[in-house]
Amino acid sequence: MWLRPGKTHTCIRICMLARFRMDERHRCVQLSVNPSRGLMDEKFVILVQNAPPDSELTVYALHQCEDGHGWDAFAHYISDATGRVNVSEDCSLGGTYSGIEPMGLLWSLRPVPGSQPGLRLRKKNVQEPMLVTVSVYEGHRKEGFAELVPLASALVERWYMSPGVRRIPVTKNGLTATLFLPPGPGPFPAIMDLWGGGGQLVEYRAALLASHGIAALTIDYLTPMITKETGEMVNLQYFETAYESLQEHPQILGSRIAMLGFSLGTTVTLRMAAYSEVMKLRCVVCISGSHVQPVDKDFEDPLKLIKNAAKIRINEENQEIYRDLVLPITSDPSKKVDVGRLQCPLLLIVGGDDMSWAAQEAANDEMMERAGNSHLLTILSYPEAGHLIEPPYTPHTRASKFRSASASVMVLWGGETLAHSRAQEDSWKKMLLFLRVNLFGGTRPGGMTISYL
């Protein structure tokens, strides 16, 4: 039915008025993140207000990392009768995560669609924050966010270094390391931080530990300057030199030094704790590693640990699986660290779905029990966590490219995203407690209660 001109104009005016009112409502939408500036392991609250009541909304997070790649996450919500969504209290109906997940927009970050495969998100410059733009969109969106205009946005800063933490490069005595000192005059207890087989100087965990009051020395032991100059791997004395540099520092409590190893760093940490006559560690933390290694030789190129190609599995996605390389756990004492020699508390953090290292099986080796020092042992075991157990809210990476000295391969690390993220949050809290008890306490406490989660 055709409308007469007068009715047509009236209809257009009504439509324009309705659209104006809708646009006005949308312009009133508010988005806040509190705190908008905080540490990486600190929770925040995302609040949407003044949205249309009972409306479909998408809350979206976007991070542009230092290597230029984009990472995003999103979740679907329904505003309440007042037009409000509280991400900490309300249930996501879908997206990169579901359910009530206050920090889901961080731990579920993934490379934006179309990115090259095998990316892993790691902070390189800890003196700058990780910037995340949080936005809210009308409707339940799944893609095309770059072409959409958000109803509201907020910029979030997540820091690994709290105000007052000092970053000090260390090159003395052939070391390639960085020392992070907490705010204040000290003296502080300290920890030596060793990462895994990828090499390089990785600083973000040490910076975060210093933000919690523990001086942290992160050490490059695979690709340090001395190795680049001579072509030779460092020896075990390299780690003793690092220990002595901490002992001698005027702002370090020389009798309260711990050691933290991840992956390959675990093999070094356990070996030094058990056999070094120089290093008298207050406590030890090992994440996703094992004590299996030849102990009758000096430190060797880690690629020799994976020379047995027959034990490397490759899945349908052409991802390499290394966990079988040290299985079954040997009974030959010359091929594993005698952890029965340990005289300081040991915390083992392991993932049951670790596809890179048989950390769970190694943790179940009963050497300490047979030696009578199992009272020093604490095990945190997470059945569905993978290999890359990192600080809280670090996005889970199930597989990524791993670059060694000779090649770049795709490696399966394992883990289910939600369970892995839960493990990161829980293990970080318990690790900090373990370190505080053993580094700040007046006595030399033993291990904590063994936990299986």
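From the backbone N, Cα and C atoms, a Cβ is placed for every residue, glycine too.
Values in this document were obtained by computation on a predicted structure and should not be read as measured data.
According to TrEMBL, the domain 'BAAT/Acyl-CoA thioester hydrolase C-terminal' annotation covers 234-439.
On its own chain, Ser263 (active site, charge relay system) has Trp195, Gly196, Gly197, Ile287, Ser288, Gly289, Ser356, Trp357, His387 as residues at least 6 apart in sequence with a Cβ closer than 8 Å to its own Cβ. Under the heading active site, charge relay system, TrEMBL lists Ser263 (among others).
Here TrEMBL flags Asp354 (among others) as active site, charge relay system. The Cβ of Asp354 (active site, charge relay system) has Ser288, Arg323, Gln360, Ala385, Gly386, His387, Trp413, Gly414, Gly415 as same-chain neighbours under 8 Å, each 6 or more residues away in sequence.
The active site, charge relay system annotation in TrEMBL covers His387 (among others).
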C-beta crowding around His387 (active site, charge relay system), within 10 angstroms: 28
